[in-house]
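A.B. asks: Relevant sequence annotations retrieved from Swiss-Prot are reproduced here:
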{"type": "BINDING", "residues": "M1, G2, K3, G4, D5, P6, K7, K8, P9, R10", "note": "heparin binding site"}
{"type": "COMPBIAS", "residues": "187-215", "note": "compositional bias 'Acidic residues'"}
{"type": "DISULFID", "residues": "C23-C45", "note": "disulfide bond"}
{"type": "MOD_RES", "residues": "K8", "note": "N6-acetyllysine"}
{"type": "MOD_RES", "residues": "K12", "note": "N6-acetyllysine"}
{"type": "MOD_RES", "residues": "K29", "note": "N6-acetyllysine"}
{"type": "MOD_RES", "residues": "C106", "note": "cysteine sulfonic acid (-SO3H)"}
{"type": "MOD_RES", "residues": "K128", "note": "N6-acetyllysine"}
{"type": "MOD_RES", "residues": "K141", "note": "N6-acetyllysine"}
{"type": "MOD_RES", "residues": "K172", "note": "N6-acetyllysine"}
{"type": "MOD_RES", "residues": "K173", "note": "N6-acetyllysine"}
{"type": "MOD_RES", "residues": "K177", "note": "N6-acetyllysine"}
{"type": "MOD_RES", "residues": "K180", "note": "N6-acetyllysine"}
{"type": "MOD_RES", "residues": "K182", "note": "N6-acetyllysine"}
{"type": "MOD_RES", "residues": "K185", "note": "N6-acetyllysine"}
{"type": "REGION", "residues": "3-15", "note": "region 'LPS binding (delipidated)'"}
{"type": "REGION", "residues": "76-95", "note": "region 'Disordered'"}
{"type": "REGION", "residues": "80-96", "note": "region 'LPS binding (Lipid A)'"}
{"type": "REGION", "residues": "150-183", "note": "region 'Binding to AGER/RAGE'"}
{"type": "REGION", "residues": "161-215", "note": "region 'Disordered'"}
{"type": "MOTIF", "residues": "178-184", "note": "motif 'Nuclear localization signal (NLS) 2'"}
Amino acid sequence: MGKGDPKKPRGKMSSYAFFVQTCREEHKKKHPDASVNFSEFSKKCSERWKTMSAKEKGKFEDMAKADKARYEREMKTYIPPKGETKKKFKDPNAPKRPPSAFFLFCSEYRPKIKGEHPGLSIGDVAKKLGEMWNNTAADDKQPYEKKAAKLKEKYEKDIAAYRAKGKPDAAKKGVVKAEKSKKKKEEEEDEEDEEDEEEEEDEEDEDEEEDDDDE
């Protein structure tokens, strides 16, 4: 998204960001002419935040929730300037894309591989899963493929209902056009499915990496 686009929605703020903003405003009122040492100020804010009770943090969390809702609402109607691509905004209420047969297979066998080879990196685990899937017989793949097909069928029904609910007038007007472009749309959605699955696997791997770091 364009850095200089004035119509671009302001990014959502976290509860801690709202807290720091409040601290900054308080500091300006008390010391209007004093310059702020950013690193020292940040350190003091961080220490103060750690000692605050959940009740005290509550108002900042409410502010963050309200700002998140504002951001999501504005992003739905935001159109980036021509020639500029924007990352697709994902509505949290939209039906989630179904996993592929391979993704279901990975979900089942990933914990087993990590248990047997605790020293393996995320990349090596993914590589091993790929090798296992390629060496799995077609008959053994069927349960995953059947489950994936059922989940995809359910998703298609859910997304159709979701889209119809969101744009009833557009759905009525575009019946003829939709029929013509149905095949193309399905192909695009299949490509999106693959992209989203890769994103989901990346996110899952990142989460696992963070968990490993915490341990």
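Each residue, glycine too, has its Cβ placed from N, Cα and C.
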A.B. asks: Just give the helix, strand and coil counts over the region 'LPS binding (delipidated)' (3-15), going by DSSP.
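C.D. replies: For the region 'LPS binding (delipidated)' (3-15), the helix, strand and coil counts are 1 helix, 0 strand, 12 coil.
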A.B. asks: For the recorded positions K7, K12, K29, K141, work out the Cβ neighbour count at 10 Å and name the residue with the minimum.
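C.D. replies: Minimum Cβ neighbour count within 10 Å, taken over the recorded positions K7, K12, K29, K141, occurs at K29.
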A.B. asks: Measuring Cα to Cα, how far is C45 (disulfide bond) from D5 (heparin binding site) in Å?
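C.D. replies: With distance taken Cα to Cα, D5 (heparin binding site) is 31 Å from C45 (disulfide bond).
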A.B. asks: Give me the count of other Cβ atoms within 10 A of the Cβ belonging to C106 (cysteine sulfonic acid (-SO3H)).
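C.D. replies: So the number of other Cβ atoms within 10 Å of C106 (cysteine sulfonic acid (-SO3H)) is 22.
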A.B. asks: Measuring Cα to Cα, tell me the gap between D5 (heparin binding site) and K12 (N6-acetyllysine) in whole angstrom.
C.D. replies: 16
A.B. asks: Could you check which of the modified residues (K29, C106, K141) sits closest to K8 (N6-acetyllysine), going Cα to Cα?
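C.D. replies: Answer for the nearest of the modified residues: K29.
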A.B. asks: Compare the Cα of P9 (heparin binding site) against each of the recorded positions C23, K29, C106, K128, K141 and report the nearest.
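C.D. replies: For P9 (heparin binding site), the spatially nearest of the recorded positions is C23.
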A.B. asks: What's the CA-CA gap between K12 (N6-acetyllysine) and C23 (disulfide bond) in angstrom, rounded?
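C.D. replies: About 18 Å separates the two Cα atoms.
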A.B. asks: What's the number of neighbouring CB atoms sitting within 10 A of the CB on C45 (disulfide bond)?
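C.D. replies: Other Cβ atoms found within 10 Å: 18.
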A.B. asks: Which three-state DSSP class does K29 (N6-acetyllysine) fall into?
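C.D. replies: DSSP assigns K29 (N6-acetyllysine) to helix.
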A.B. asks: Measure from the CA atom of K7 (heparin binding site) to the CA atom of C106 (cysteine sulfonic acid (-SO3H)) and give the result in Å, rounded to a whole number.
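C.D. replies: Between the alpha carbons of C106 (cysteine sulfonic acid (-SO3H)) and K7 (heparin binding site) there are 42 Å.
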A.B. asks: Distance between K29 (N6-acetyllysine) and C23 (disulfide bond) at the Cα atoms, whole Å?
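C.D. replies: That separation, Cα to Cα, works out to 10 Å.
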A.B. asks: Work out how many Å separate K7 (heparin binding site) and K141 (N6-acetyllysine) at their Cα atoms, rounded off.
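C.D. replies: Each residue's Cα considered, K7 (heparin binding site) and K141 (N6-acetyllysine) end up 49 Å apart.
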